[in-house]
């Protein structure tokens with residue numbers, strides 16, 4: 001089924017929750033295009049996310065991220081994976097709650113998140129105790145993910161393909177897509 005005219009589906013959640021992997025699988029199943037906001041930001045800027053953080057700080061990165069979220073909330077036929085911290089900005093939460101989109105929170109435990117991200121170069125995890133940092137981030141962000149989400153899906157212990165299949169069926173059952 002092609003859903004090129006459907007309102008976008010945004011995936012929110014902590015880094016390592018599976019937003020990009022699930023998003024790609026889901027978009028393929030739905031006949032929609034997929035956009036990973038971090039990858040799109042890197043493509044448009046011509047530099048890596050860690051480079052943007054070093055040169056512009058988190059504030060500069062979040063400003064750029066917000067502009068993309070605003071752009072893609074007006075698009076059609078997209079599955080969009082946001083960055084894990086996108087919900088920390090009030091402007092983004094307002095967009096994710098009020099735009100004609102469907103937002104899914106992919107929920108992950110701190111332990112699972114750590115296992116999935118421990119070998120990455122994510123700027124926020126360049127610290128002495130990454131698991132503790134992840135735990136603190138989840139404590140502060142989970143309420144924000146819940147605030148913007150139309151639906152929450154637990155991804156712990158599930159393969160991305162299975163999560164995408166379950167989400168696809170749920171979206172059909174809720175008549176979000178055809």
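Cβ atoms are placed via backbone N, Cα and C, with glycine included.
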Among 116, 141 - the residue TrEMBL places in the same substrate site as 38, 62, 84: 141
Those binding-site residues of 38, 62, 141 having Cα within 10 angstroms of residue 16 (ATP binding site): none
Spatial separation of residue 38 (substrate binding site) from residue 21 (ATP binding site) - C-alpha basis, Å: 13
Three-state secondary structure, residue 17 (ATP binding site) (per DSSP): coil
